[in-house]
Amino acid sequence: MAAARVPLWAICVLRVALATVYFQEEFLDGERWRNRWVPSTNDSRFGHFRLSSGNFYGHKEKDKGLQTTQNSRFYAISARFRPFSNKGKTLIIQYTVKHEQKMDCGGGYIKLFPADVDQKNLNGKSQYYIMFGPDICGFDIKTVHVILHFKNQYHANKKSIRCKVDSFTHLYTLILRPDLTYEVKIDGQSIESGSIEYDWQLTSLKKMEKTSAEAEGWDQAAKDKSQDWEKHFLDASASKPSDWNSELDGDWQAAMLQKPPYQDGLKPEGIDKDVWLHQKMKNNYLTEYDLSEFENIGAIGLELWQVRSGTIFDNFLITDDEEYAENFGKATWGETKGPEKEMDAIQAKEEVKKAQEEDEDDMFMGRFTGRENSFRAFHRRNEF
């Protein structure tokens, strides 16, 4: 019997069904985005966002996103979603950013926040789980930040990841896997990958955590055993007297003795430290505080500074499926990147043509003005 063939569309539908999409935003419903995104009122000087596809685009509607509108301002805005934990799961964060203004100094990154973040008071001190995306300032800073919150501290990737610096839309993707590996993609191409443990220099923190856990486990073992140490026990060295009559005297039982209280420096008898730790201590220093696991993810936001405004953020996605993220990127940025560059090239040619025409007009007017001035000077000389 021939094997049944499954159509490609059915496989795609199955993939979508298997993927968990925690958040997805394309801004395709006009001004209704304001019902989902909450601007911070922490500071009256915060800059404002508007929905725009910019001066050039691949598709006027599909390329609309949140655009910064005021120079030299801080910006803070966020959107909530159903809280989730990525424990034991892959976490993918993806979005597009377009520095149409040719960024000189400012951020283009996003932040992932815990569910209890105060959206109305969002600011630079608000705790976040992950910060990811490009940051540009002058000639020195052209980097992709990947910052993780671990043990009440923020830790940056020690590798230098260069971001895009042109004025086109680019797709940024961060993948954090449960095996403690990660990958950073720009425009669908992997530009950096490795171990979260080593590329964030967190091995020392793990060792400190492990040592602390072992010490705590041993202290608890000593404490528990010290209580047993103080209890009464039968005198094992005692023997039944020769004249003991069980019928008259009853069952013989050794005398109960009490060991002296447990003292520091004395090891309880019969307890080996390594065996005790192995059998009794819950070695959860890594599983409880894993390097890329967050228990209560519930909001995504933009909290940044820009000298020159004009950046457009779009096509936000948070999911657990790498293939879904790849397909989503192709269906959004992948469809409009080509037409966007074509429109920019057409506008550039039109600007060059217009500049040439203006130069020619200036030259013509200069010649005409020069001749007119010469004619007037000639008549003035004749008057004398």
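Placed from the backbone N, Cα and C atoms, the Cβ positions cover glycine too.
TrEMBL annotations: computationally assigned, not manually curated.
Cβ neighbours within 10 Å of D135 (alpha-D-glucoside binding site), excluding its own Cβ and spanning all shown chains: 19. Positions annotated as alpha-D-glucoside binding site by TrEMBL: Y109, K111, Y128, D135, E303.
The disulfide bond annotation in TrEMBL covers C105-C137.
Marked as signal peptide by TrEMBL: 1-19.
Residue with the densest Cβ environment among the binding-site residues Y109, Y128: Y109, by other Cβ atoms within 10 Å. Those residues noted as binding alpha-D-glucoside (Y109, K111, Y128, D135, E303) have their most widely separated CA atoms at a distance of 17 Å.
Residue pair K111 (alpha-D-glucoside binding site) / C137 (disulfide bond) shows a Cα separation of 19 Å. Cβ atoms within 8 Å of the centroid of the Cβ atoms of Y109, K111, Y128, D135, E303 (the alpha-D-glucoside site) belong to the same-chain residues G107, I110, M131, F132, G133, H145, I147, G301, L302, L304, site residues excluded. With C137 (disulfide bond) as the anchor, the candidate binding-site residues are Y109, Y128, E303, and the one with the nearest CA is Y109.
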